[in-house]
Structures are given as C-alpha cells and as structure tokens.
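Undergrad: Residues or ranges marked as domain 'Major facilitator superfamily (MFS) profile' in TrEMBL: 18-399. Look at TrEMBL and you will find 20-44, 56-76, 83-103, 109-130, 150-168, 174-195, 226-249, 261-282, 289-306, 312-336, 348-369, 375-394 tagged as transmembrane segment.
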Amino acid sequence: MPGTITLDTRAFLQRHRFMLSFVLLNALAGLGVGVAKVATTLYALDLGSSASQLSLIAAAQSVGVLLMSIPVGVLVDQFGPRRLFVSGSVLVAAGYLLVPVVAAPFYLALMSMLISFCMPTRFVSLNAVFMQQLEQVGVARAGWFRGSHMIGFFLLGPMLAVAILGVAGFAATFWIVAALFVLTGALAPLVMRVYRRPAVPTRKLSLAELRSQFVLMWRDTDLRSVCVIEFVAQALNQFYTFFIVAIAIKGYGMAPATAASLVSVQGAVFVLALFTLGALAARLGQVRFYLGSYAVLALALALLGLSRWPVLLWLGAGCLGLGLGMLQTVNVSRFAHIGARAGRGSIAGINAFVGPSGSFAGSVIGGALGAWCGLQAVFLLFVPLFAMLGWRLLGRDTAVAPAAAGVPAVQLESES
C-alpha cells in the first residue's frame with residue numbers, strides 16, 4: 001500500500017508538474033508585489049502624504065507598465081520569456097533597495113515610477129508561458145494564472161507586509177521585498193524552460209510592429225470587447241486596493257492591520273472564484289456569466305459606497321472579490337484564445353497594457369474625483385460603467401463581428 005501511494009503521488013506530480021511549479025512561482029511573484037504595494041501605501045501615509053500625493057504615488061506605479069507592456073510582449077516573441085523575467089527581477093529588486101533612501105513623498109513616487117518600467121518583463125513573460133500551456137491544462141483552469149498570482153498579491157502579501165512592518169520597519173521591509181524578487185528570478189528558469197519559442201521569430205521590436213499592436217487592438221472586435229471589460233475591472237480593482245486602506249483608516253478609525261485585511265478579504269474571495277468557477281462559466285456560457293458578475297459588482301459598489309458601518313465594508317469587499325473573479329475567469333480564457341491565433345507574446349503584452357491602463361485611470365481619475373466628492377463616493381461612480389457594459393452585452397449579437405484582416409474572430413459563447 002505505501003508503495004502504491006508513492007507511485008500514485010509520483011504519477012500525479014508528473015502529470016501536473018507544470019501547473020504545480022507555475023502556481024508556486026506565480027504565487028511567490030505575487031507575494032513580492034503584494035508586500036511592496038501595501039508597504040508603499042503605508043509608507044506614503046507614514047510620510048504624511050496628502051490625497052493628491054497618494055494619487056500621484058498610485059499612478060506612478062502604472063506609468064512604466066503602460067509604456068513597456070506592449071514592447072515587452074514583442075520581445076517575448078522575439079527572445080523568449082526567461083531572460084526577460086530574470087533581468088527584470090534583478091532591476092526591480094535594485095529599485096526597492098533604493099526606496100527607503102530618501103523619506104519624501106515625491107521621491108517615493110519617482111522610485112515607484114522607475115520600478116514600474118521593469119515590472120512588465122515579469123508578468124508579460126508569465127502570461128505568455130501560461131497562455132501557451134493552457135492548451136494542455138485545459139480552459140477550465142484559465143483562472144489559475146490570476147488566481148495563483150493573487151494568492152500572494154491579495155491574500156498573503158498584505159498580511160505579511162503588516163507583520164514585517166510591525167517587527168522590522170519600512171527599510172527592512174523593502175529589503176525583504178527586493179530579496180523576494182531576486183528569489184523569483186532565480187527560480188523562473190526551472191518553470192519557463194517549457195516555453196516553445198519559434199525557431200525564427202516572425203516579429204521584431206520596431207515602431208511599425210508596435211503600431212500594428214494598437215491596430216490589432218482596435219480592429220479585432222473580440223479583442224477590443226474584452227479589453228474594454230478588462231480596463232474597467234482593473235480601474236475598479238486598483239482604486240479599491242490602493243484607497244480602501246486610506247478610507248478605512250481615516251473614515252472608520254481602523255488600525256492599519258485591520259484596514260489592510262480588507263484587501264486580504266477581497267483577495268481571498270477573488271482567488272477562490274478564480275480557482276473554482278471555471279467549470280461553472282463553461283456550463284452557463286460567457287454571456288450569462290458576465291451578466292452575473294455585473295450584478296454582483298453593482299451590489300458590492302453599493303455596499304462600499306453607501307456604507308456607514310464597518311461591517312458592510314467587509315461584505316462589500318467579499319462581493320467585489322467575487323464579481324471581479326467572475327469577470328477575470330472569462331477574460332483570461334478569451335485572451336488565451338485570441339493569443340493562439342494572434343501571437344501569445346503580442347496578446348500577453350496587450351493584456352498587460354490594458355489592465356495597467358485601467359489601473360492608471362483608477363488611480364488618477366479616482367483620486368481626483370475623491371478629492372472632489374470623497375473617496376468612498378467614487379465607488380458609486382463605477383455603477384453606471386458596469387450597467388453600460390451589461391446593456392451593451394444584452395444588445396449585441398452573440399456572434400462577434402469580423403476581426404482584423406487575416407485574423408479570425410473568436411466566438412463569444414452564449415447560453416446553450
């Protein structure tokens with residue numbers, strides 16, 4: 001019997017070697033980002049940053065991502081993901097070592113911006129590897145890419161950041177963040193060696209190639225549709241992740257650890273949805289699943305925007321995690337299908353561009369609106385956006401219009 005168990009375990013590990021190693025690497029990568037993000041927010045508050053300075057720091061984290069995601073996508077197709085991930089990890093680690101050198105909000109914003117230029121080398125590379133392997137592991141696991149990342153980013157990162165800060169302070173916390181990035185860079189080659197790069201790359205980095213990516217994003221109807229949804233979802237996610245801590249501390253008098261746990265609650269539900277709802281999405285069809293997610297998000301936004309009692313913030317956090325997880329489950333699958341026909345590095349880069357574009361908008365516009373009407377009220381302004389997406393989905397034909405020339409469209413699955 002023990003021998004049988006050993007053989008069964010070995011066979012299981014052999015069958016699922018990629019998924020297990022990828023989940024561990026992606027979770028560790030997310031952990032470093034999660035600790036860094038919460039530590040940056042709390043460090044900004046400790047420096048006495050104003051609402052406008054908080055908005056600037058949040059937006060700075062997206063500047064380099066916006067500029068580099070699509071070029072890095074082309075470079076992944078040209079050189080493969082491994083060397084880009086490793087070099088980017090080392091550069092990010094060096095950046096975080098320099099963060100505590102000068103204690104000033106504008107210096108923190110500057111370092112956040114410089115670090116953001118290197119981040120796409122990591123998540124675009126991971127995304128491209130997962131898109132390629134999704135053909136083998138199955139679309140029911142489409143949410144596992146985001147889910148495994150969010151285990152570290154949302155679930156463990158905030159709690160670990162607060163724990164380290166309580167013991168070691170800000171400088172040591174950023175040193176630990178740097179060590180986490182170096183560790184993921186060292187482990188990445190073990191996972192990314194499965195990536196199959198074309199013997200002769202068909203795409204090379206050039207202005208014409210970059211322009212073609214924006215043309216593809218505009219002309220391919222299915223790609224444009226999922227990009228709009230991803231943009232709005234990431235705008236909401238960024239606004240919540242960055243500002244809910246400030247809202248909870250300043251508006252409800254919560255301790256930093258309690259406020260940070262609001263991010264963890266949303267992240268826990270988000271991760272659970274990503275790991276468990278893939279099969280349900282396939283059964284219900286993408287249209288029904290999208291509409292269900294919009295309804296859940298509307299409830300979450302009402303709770304977060306109208307609540308005067310802390311308990312409703314927790315309920316709103318859970319509903320927000322569920323709604324965003326449902327959206328992401330469908331979006332990842334659609335991006336992977338499009339990547340199979342249009343180039344995985346290309347679509348991974350576009351995906352990595354659209355999400356941070358939404359995050360940038362959520363930070364800048366959300367922060368500006370928060371200074372005008374209050375940060376908590378901004379949640380209510382997202383409700384019409386999701387209502388419009390739902391109305392557009394109900395009003396469209398389920399067969400996607402023709403894509404760009406030479407690029408077949410992907411069917412948006414309807415209810416059977």
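The backbone N, Cα and C atoms fix where each Cβ goes, glycine too.
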Undergrad: Count the Cβ pairs between the transmembrane segment (150-168) and the transmembrane segment (83-103) that lie under 8 angstroms and are 6 or more residues apart in sequence, then report whether there are at least 3.
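TA: The answer is no, given that the two segments have fewer than 3 Cβ pairs within the 8 Å cut-off.
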Undergrad: Quick test of the contact rule: Cβ under 8 Å, at least six residues beyond the ends. What residues does that give for the transmembrane segment (109-130)?
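TA: Cβ under 8 Å, 6 or more out: 22, 25-26, 29, 33, 40, 53, 56-57, 60-65, 67-69, 72-73, 76-77, 81-82, 84-85, 87-89, 91-92, 95-96, 98-99, 144-145, 149, 184, 188, 191-192, 194-195, 336, 339, 344-345, 348-349, 351-352.
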Undergrad: Mean pLDDT over the domain 'Major facilitator superfamily (MFS) profile' (18-399): what is the value?
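TA: So the average pLDDT across the domain 'Major facilitator superfamily (MFS) profile' (18-399) works out to 85.
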